[in-house]
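**Student:** Let me begin by handing over the structure; questions about it come next.
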Amino acid sequence: MVKKVRAHHFRQMKHERTPITMLTSYDALTARIFDHAGTDMLLVGDSYGNVCLGYDSTVRVTLADMVRATAAVSSAAERAFIVADLPFGSYEACPEEAVHSAVELVRAGAEAVKLEGGRRQAHTINAIVQAGIPVVAHIGYTPQSQNALGGARVQGRGDAAEEVKADALAVEKAGALAVVLEMVPAETATDITASLEIPTIGIGAGNGCDGQVLVWSDMAGMTDWQPSFVQVFGQVGQALTAAALDYNEAVRTRQFPDAQHSFTN
Ligand code: KIV
């Protein structure tokens, strides 16, 4: 019997210094694989737009897109805790809108929602938590604000470290379950991690966080380019290309299907 990972386990893991693993997933196929591999959290990230929908940013992803992806992931995962991103435009206007959007994601199978923003979103985080929905906050570099931030760049260098720390403390106070730190200097992320009761999950934030998250297609070598902070743990893209080449060749030379893969009367 699989022991389901639940919201309360993450503080316990931080306390016991057990690193938390999180990977993105947008479909049932990868969700089943990552779940069986023992990944603690599956993030139905709005990177869905870049990875699966061919967009060049996350801002075009809609709540309907996220609902469909969340339903697919939750249908396949047995153990992992499922976090779904609130997409751009689904929570910024007011806390009521945010609660409404979060409810849609929970109905689709999310066990927590993630939203981007620190102090400026504290009120909204609190409203969603009060509605009974766990929230993961996302601070540092926040891709939905890429236009305002001037592109993907490290946040919290030098004096700006205090700004990121103030965001982290604010989301904890607002009731967040955990906080993602994206593209934050390792020393800043380590200091924030030591200052919080809730776990930090880093992406491009060094080794001092309580957990790590990566976009699955980056870590599995599905793309020609990855951000510099990504380690490639497998060459799945190359393996898939080789399989497709072999298949094409076998069909064209009529080696597939052979007798073993054909029905007989
Ligand atoms: O959508 C996503 O993949 C994310 C990660 C970068 C944390 O939010």
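Every residue gets a Cβ built from N, Cα and C, even glycine.
Curation does not apply to TrEMBL; its annotations are automatic.
When I checked TrEMBL for this same protein, it listed these features:
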type	residues	note
ACT_SITE	GLU182	active site, proton acceptor
BINDING	ASP46, ASP85, GLU116	Mg(2+) binding site
BINDING	ASP46, SER47, ASP85, LYS114	3-methyl-2-oxobutanoate binding site
**Student:** Between GLU182 (active site, proton acceptor) and SER47 (3-methyl-2-oxobutanoate binding site), how many Å separate their Cα atoms?
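**Tutor:** That comes out at 13 Å between the alpha carbons.
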**Student:** How big is the gap, in Å, between the Cα of ASP85 (Mg(2+) binding site) and that of LYS114 (3-methyl-2-oxobutanoate binding site), rounded to a whole number?
**Tutor:** 5
**Student:** Rounding to the nearest whole angstrom, report the longest C-alpha distance spanning ASP46, SER47, ASP85, LYS114, listed for 3-methyl-2-oxobutanoate.
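**Tutor:** Output for 3-methyl-2-oxobutanoate binders ASP46, SER47, ASP85, LYS114: max Cα distance 12 Å.
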**Student:** In Å, rounded, how far does the Cα of GLU116 (Mg(2+) binding site) sit from the Cα of SER47 (3-methyl-2-oxobutanoate binding site)?
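**Tutor:** About 13 Å separate the Cα atoms of these two residues.
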**Student:** Please report the Cα separation of ASP46 (Mg(2+) binding site) and LYS114 (3-methyl-2-oxobutanoate binding site) in Å, rounded to an integer.
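**Tutor:** Per the Cα atoms, ASP46 (Mg(2+) binding site) and LYS114 (3-methyl-2-oxobutanoate binding site) stand 10 Å apart.
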**Student:** Only counting partners 6 or more residues apart, tell me which same-chain residues put their Cβ under 8 Å from the Cβ of LYS114 (3-methyl-2-oxobutanoate binding site).
**Tutor:** LEU43, GLY45, VAL83, ALA84, ASP85, LEU86, VAL135, VAL136, ALA137, HIS138, VAL180
**Student:** Around the Mg(2+) site formed by ASP46, ASP85, GLU116, which additional residues qualify by having Cβ within 8 Å of the site's Cβ center?
**Tutor:** GLY45, THR58, VAL61, LEU86, PRO87, PHE88, LYS114, LEU115, HIS138, PRO143, GLN144
**Student:** Which residue, of the recorded positions ASP85, GLU116, GLU182, has its CB surrounded by the fewest other CB atoms within 10 A?
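**Tutor:** Looking at the recorded positions ASP85, GLU116, GLU182, the Cβ with the fewest others within 10 Å is that of GLU182.
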**Student:** So for SER47 (3-methyl-2-oxobutanoate binding site), how many other CB atoms are inside 10 Å of its CB?
**Tutor:** 22
**Student:** Taking the Cβ of ASP46 (Mg(2+) binding site) as centre, how many other Cβ atoms lie within 10 Å?
**Tutor:** 30
